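Student: What follows is a structure written as structure tokens; I'll ask about it next.
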Amino acid sequence: MDHKTLELATDNFGDSNMLGAGGFGCVYHGKLEGNLCVAVKRLSGGNLDAIKEFQTEVELLSKIQHPNIITLLGYSIHADTRLLIYELMEYGSLETQLHGPSRGSALTWHLRMKIALDAARGLEYLHEHCHPPVIHRDLKSSNILLDSNFNAKLSDFGLAILDGTQNKNNIKLSGTLGYVAPEYLLDGKLTDKSDVYAFGVVLLELLLGRKPVEKIAPARCQSMVTWAMPQLTDRSKLPNIVDPVIRNSVDLKHLYQVAAVAVLCVQPEPSYRPLITDILHSLVPLVPVELGGTLREAKAVATTPLEI
């Protein structure tokens with residue numbers, strides 16, 4: 001895609017068009033011919049890691065097509081500037097929706113379950129239907145994007161690897177604090193179960209409305225997984241730690257089921273974690289039919305613990 005066209009589309013990458021910024025660079029709102037609105041990611045830094053991530057993103061997303069994976073519309077290389085052009089996701093990232101100014105107020109219980117189901121479908125495609133399988137390696141709420149109907153799509157594939165085609169011992173340790181599986185952090189061991197761990201953390205974010213790592217003192221942080229684990233398995237305590245936004249609208253039976261899935265996903269031992277396909281099958285019955293699941297009627301909100 002022509003660089004000049006992208007400059008015009010983003011008002012010369014003006015601040016008023018900026019959608020977000022991070023270590024990778026900045027993302028801008030752009031308008032192409034025919035009033036097509038897009039997101040343009042301008043990557044900063046010309047080091048080898050940045051170039052490799054750009055190449056990986058382009059190579060993978062050029063081959064992958066799935067309703068729950070972001071669509072790459074094009075790219076541009078101009079001098080040291082590398083640009084990626086994506087479909088625009090109107091509601092931004094799950095992280096912004098959950099932890100931004102609205103504090104998750106737009107996300108009902110059923111919408112949260114739909115987002116979890118969409119993310120699981122995207123991951124299942126990567127793990128089970130790509131050959132060789134793809135390990136995302138950086139799944140987190142900021143990399144789950146939402147369109148105007150709250151359809152969720154996985155994004156940011158710069159750290160992804162093809163399982164079985166690369167020597168994992170030579171891969172630089174990467175990821176985001178709070179989402180990185182313990183075996184990867186300690187031993188550099190990387191499998192599809194690393195993504196499952198990160199998915200479990202996202203599921204807990206949806207459930208609890210908390211960040212994966214929270215600062216509790218100037219020099220002290222607390223892991224959401226460590227804090228929540230004892231309470232997730234205690235049915236008397238679990239309802240009290242649920243995000244207040246959804247606390248009074250959750251069917252307790254469904255709450256216990258989702259908590260049980262999350263607990264399995266974040267098990268320290270990778271072999272105890274479920275496959276993403278099993279997670280998918282657990283979530284489908286909790287999502288209403290009109291949102292892509294199989295739940296046919298909204299159950300009355302339970303006020304007392306129910307037995308599964």
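In case you wondered, yes, glycine gets a Cβ from its N, Cα and C as well.
Just so you know, TrEMBL annotations never went through curation; they're auto-generated.
From TrEMBL, for reference:
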type	residues	note
BINDING	Lys41	ATP binding site
DOMAIN	13-284	domain 'Protein kinase'
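Surface or core, plus neighbours and distances: that's what I need for these features.
Tutor: In sequence order, Phe24, Gly25, Cys26, Val27, Tyr28, Leu83, Leu84, Ile85, Tyr86 are the residues near Lys41 (ATP binding site), counting only same-chain partners six or more apart with C-beta under 8 A. Lys41 (ATP binding site) falls within a strand when secondary structure is assigned with DSSP.
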